[in-house]
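Just below is one structure, and these are the notes that go with it.
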Amino acid sequence: MSKHVHIQLPDGQIQEYPKGITIKEAAGSISSSLQKKAAAGQVNGKLVDLSFKLEEDAELSIVTLDSQEGLQVLRHTTAHVLAQAVKRLYGEVSLGVGPVILDGFYYDMKLGKSLASGDLEAIEKEMKNIINENLEIKRIEVSYEEAEELFAQKDERLKLEILKDIPRGEDITLYQQGEFVDLCRGPHLPSTGMIKAFKLTRVSGAYWRGDSKNEVLQRVYGVAFQKKKDLDAHLHMLEEAAKRDHRKLGKQLGLFMFSEEAPGMPFYLPKGQIVRNELERFSRELQTNAGYDEVRTPFMMNQRLWEQSGHWDHYRDNMYFSEVDDTRFAMKPMNCPGHMLIFKNSLYSYRDLPIRMAEFGQVHRHEYSGALNGMLRVRTFCQDDAHIFVREDQIESEIKEAIRLIDEVYRTFGFEYSVELSTRPEDSLGDDSLWEASERALARVLEELGLSYEINEGDGAFYGPKIDFHIKDALKRSHQCATIQLDFQMPEKFDLTYINELNEKVRPVVIHRAVFGSIDRFFGILIEHYGGAFPVWLAPIQVQIIPVSHVHLDYCRKVQAELKQAGIRAGIDERNEKLGYKIRESQVQKIPYVLVLGDHEEQENAVNVRRFGHQQNEHVPFQTFKDKLVKQVENRGM
């Protein structure tokens, strides 16, 4: 038997090592600097600890702290340090789970006292002590019974509950650092001293295991990075995000509200409705030019429709129901089935296709109260859904046109975006060959358009693969909005047909398409992206006119009337307040243009223009200002 293993590195080189060499030792053989930066290893695609021993031939890559995978390991270990610090400080603590999330981590726990934000400083101090102790982190494999006995002795009832979900007979992995032991799959850093930059950010409540029937635990959130400068940059971003929080700005700018009478369901105030109307108008213009017909379907439809479509199996736990005339109806969680019924209502020839059907459809999906987040996570929202019914030979050309439409929308708002191709999920419908052909078709379209994309394994819709578009906002946060989905299943379920050139009935293919996704969510994203300072074409009030004194009101009203006639949303601040106060108020409301009008402006039929975010005022003829503004609005300029 060979005493060596052959290990293939990422560059294709094959190295021979003694059997049983650890990942850390292998990294050191490549370079000492790589060993210092190493956080974990990836053996045949699986993340493992640096202490993992190579006992057979394998592919190996070293995961460094500056990689995304390395940061996840760092953050996971920091979550364990958090839990250890809390147990040291507060004694009787029952630990839940402590996963890695985007940019950070959290740990759920049951304490004898309620934590407040003021407690975070003390916890951070103890975490730094643990880091300075540079405790070795050991992976320990135990039997189910040994793990059960250990956590029973420690009175860790939540860990015991997690254990119950693991089949008896399976090996259990624990991680130990000093006196602290946790149930965990890992991997982790080799020692606590490798953590250099972290910050606890907030405390909140969370249902144990996300179930509202369970007790509420305390959740402590934190962030961690390889370097302090990265942490500082992230904390600065969080400060900016707090300033741009759409919930705060929505209230400040009078855009929307929520009420306990309809939890998770937004009320649009007049100014907010203006913005929403502009978004819909923009979309309608583009869709009309692209050959879409707009339709409207009922909010509530028979339960059997959702069973027929397949949505019942995937959405029933999140649907709202009502009984009418002894028949059970459901508020629609999706617009798709209604569009299938509309298509089925008419007879189509192959010459009629594609049929492009669009709707601003209001849908309802129940979310747990703890998951609600302003406009970003609601229980009812408007989806800009379209369904394109095509022949098979039209699939790729129609997807290309849908992508071009999405690109035009996002460029108008100044969004960069990335693309994902999401493949077959476990709960999918249909045969393998159809899925493979569909995935190849979507990939071919993206490649022909020169769009780079990532594969998102297993995240397709249950009826077909999809292309997802992730926009980046001003703070470089990613939001998945637009989607294009290919569907061979729905036409089968609804027995949809058209007449082909041989006078035979054949199935169309359906392309599902959304650009904004949820208009309500997109609105919330826009508020944060622009910090509430909308482009002039979207702004609820585009021009605020302020008289120097009441004697200038007539001229102000004349200017307002002409602007309104030109389609500009213009207001006048006629309040009996000081000029400086009125100007500051218009800045707080983030109005794009403020016109301060006095004797000089009236005599010359001019305006004194203050643009939001600009230091310099400009004195220009009124007609020049109006013409320039009208053109800016028409072009939907930034």
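Every residue number used here counts from 1 along the chain in the order it is shown.
Each residue, glycine too, has its Cβ placed from N, Cα and C.
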Given that Swiss-Prot records Cys336, His512 as binding Zn(2+), the matching residue among His236, His246, His387, His600 is His387
Beyond Cys336, His387, His512, what residues of that chain have CB atoms within 8 A of the centre of the Zn(2+) site's CB atoms?
Met334, Asn335, His339, Met340, Asp385, Ala386, Gln485, Asp487, Met490, Val510, Ile511, Arg513
Secondary structure at Cys336 (Zn(2+) binding site) (DSSP, helix/strand/coil)?
helix
Name, in the order they occur in the sequence, the residues of the same chain whose CB lies under 8 A from the CB of His512 (Zn(2+) binding site) and which sit 6 or more residues away.
Cys336, Asp385, Ala386, His387, Ala461, Lys466, Thr483, Ile484, Gln485, Leu486, Asp487
